[in-house]
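Taking it in order: structure first as structure tokens, then the write-up.
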Amino acid sequence: MSPAGEHGTAAPIEILPVAGLPEFRPGDDLGAAVAKAAPWLRDGDVVVVTSKAVSKCEGRLVPAPADPEERDRLRRKLVDEEAVRVLARKGRTLITENRHGLVQAAAGVDGSNVGRDELALLPLDPDASAAALRARLRELLGVEVAVLVTDTMGRAWRNGQTDAAVGAAGLAVLHGYSGAVDQHGNELLVTEVAIADEIAAAADLVKGKLTAMPVAVVRGLSVTDDGSTARQLLRPGTEDLFWLGTAEAIELGRRQAQLLRRSVRRFSAEPVPAELVREAVAEALTAPAPHHTRPVRFVWLQTPAVRTRLLDAMKDKWRADLAGDGRPAESIERRVARGQILYDAPEVVIPMLVPDGAHSYPDAARTDAEHTMFTVAVGAAVQALLVGLAVRGLGSCWIGSTIFAADLVRTELGLPADWEPLGAIAIGYAAEPAGPRGPADPGDLLIRK
């Protein structure tokens, strides 16, 4: 592609340290100090200053106790105050997002390059700080420079830290190549270069961490002021592929597993992978059961003719039962139409209560209690199956119709006489996917004694 479209330059660039700067304190004029130490600034230069220097001048220092444990306790309190959410924890390290949207360790609260009786916070508005320094240098030296405020950050998937821009003024922080064509004729579709971060990292080569050199100048780049700021470098958490740490993502998944289960009544035509159903059934079979038994069987209607024959027979019986109740024809057809979901769903599974291993009692009361216990166990397995399907992205709907036609179901499917159908489960990908529902308010449904 043409050099005019490049974000960098083929010409040499210079990275110049700004020596002779004082130890900054609250209220100091940062712009005046830089102008005095670097009267050689030119139009087009990029002035790169550490956020620590800005924080000191802006009074973002917090008195801290000298005792290491108390100092660390205060640091953690400040992290909680500065952070709007915690993305990840590992040992004593917290990765947080602050109110500006910056994601970094400890919300930018830092105890390096400050007195042992202080802790530093990030500038309240790093973009505004960059703009103010740019304006001050224009006022004092008559030059048009760009300004970056930087901080040190870790990087996903890679060891080590590098400086990145947290505040910017006077340059395009991003350069998009979408639609451009390289020298081999390949169209660049998604490439977008974070120019501000590249400059920040380069400038750190002369600033260092131990040299008391908080300001550097990058010279030789052709920068364009498009009005963008460092905020444009931030991707909102919900749009990021890695917006939670591993442990936090697993915890969220566990918390949402139950809430993902919803009654889905309209499915897409997308086929359901058989292995997903098998995996969900395998998990459902771990549900609690009495006497170490297996009180449930899942009958998977995989043969279309078998499913249709069963549903047609159930429909005829349902019509006859409703007619026997004296219902009008329109009411009967409305009720019968509710079962259409079992015709339309990509997959249907029928849970069966199987009394293998049930204890025998001479009296009806204990016999009924034993049956209830097995019924509860099958219900637990059904719920586990529905949740297992949901966490795999599959929708489902439990329908009780087979309970009302137990003999018919056993006959049509050739099942033993003591197997009891406990509904039917329609399975498929939801036509309109939905996220997890909110939990219910227990209210007076949770009774305390």
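Backbone N, Cα and C atoms are what each Cβ position is placed from, and that goes for glycine too.
Per Swiss-Prot, the feature region 'Coenzyme F420:L-glutamate ligase' maps to 1-245; the stated evidence is sequence analysis. Summarised as a single figure, the pLDDT of the region 'Coenzyme F420:L-glutamate ligase' (1-245) averages 91.
There are 24 other CB atoms within 10 A of the CB of Lys56 (GTP binding site), with all protein chains counted. If you look up Swiss-Prot, you'll see Leu21, Pro22, Glu23, Phe24, Ser51, Lys56, Asn113 marked as GTP binding site.
Summarising the environment of Asp151 (divalent metal cation 1 binding site), the number of other Cβ atoms within 10 Å of its Cβ, over all protein chains shown, is 23. What Swiss-Prot records for Asp110, Asp151 is divalent metal cation 1 binding site, and it gives sequence analysis as the kind of evidence.
What Swiss-Prot records for Thr152 is divalent metal cation 2 binding site. Counting only same-chain residues at least 6 apart in sequence, those with a Cβ under 8 Å from the Cβ of Thr152 (divalent metal cation 2 binding site) are Gln161, Thr162, Asp163, Ala164, Asp204. In the three-state DSSP scheme, Thr152 (divalent metal cation 2 binding site) falls into the strand class.
Under the heading region 'Dehydro-coenzyme F420-0 reductase', Swiss-Prot lists 246-449, citing sequence analysis as support.
Listed in sequence order, Pro295, Val296, Ala377, Ala380, Ala381 are the same-chain residues at least 6 apart in sequence whose CB falls under 8 Å from the CB of Ala289 (FMN binding site). Residues annotated as FMN binding site in Swiss-Prot, with sequence analysis given as evidence: Arg261, Arg262, Ser263, Val264, Arg265, Ala289, Gly400, Arg437.
According to Swiss-Prot, the feature coenzyme F420-(gamma-Glu)n binding site maps to Asp321, an assignment based on sequence analysis. Under 8 Å, Cβ to Cβ, and six or more positions away along its own chain, Asp321 (coenzyme F420-(gamma-Glu)n binding site) finds Phe404.
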Cα separation, Arg437 (FMN binding site) to Ser51 (GTP binding site) (Å, whole number): 42
Sequence-distant neighbours of Leu21 (GTP binding site) in its chain (C-beta under 8 A, six or more apart): Ala33, Val34, Ala37, Ala53, Ala212, Met213, Pro214, Val215
Pairwise C-alpha maximum, in angstrom, for the residues (Arg261, Arg262, Ser263, Val264, Arg265, Ala289, Gly400, Arg437) that bind FMN according to the record: 29
Among Ser51, Asn113, Ser263, the most crowded of the binding-site residues [Cβ within 10 Å]: Ser51
Where Ser51 (GTP binding site) sits in the secondary structure, as DSSP reduces it to three classes: helix
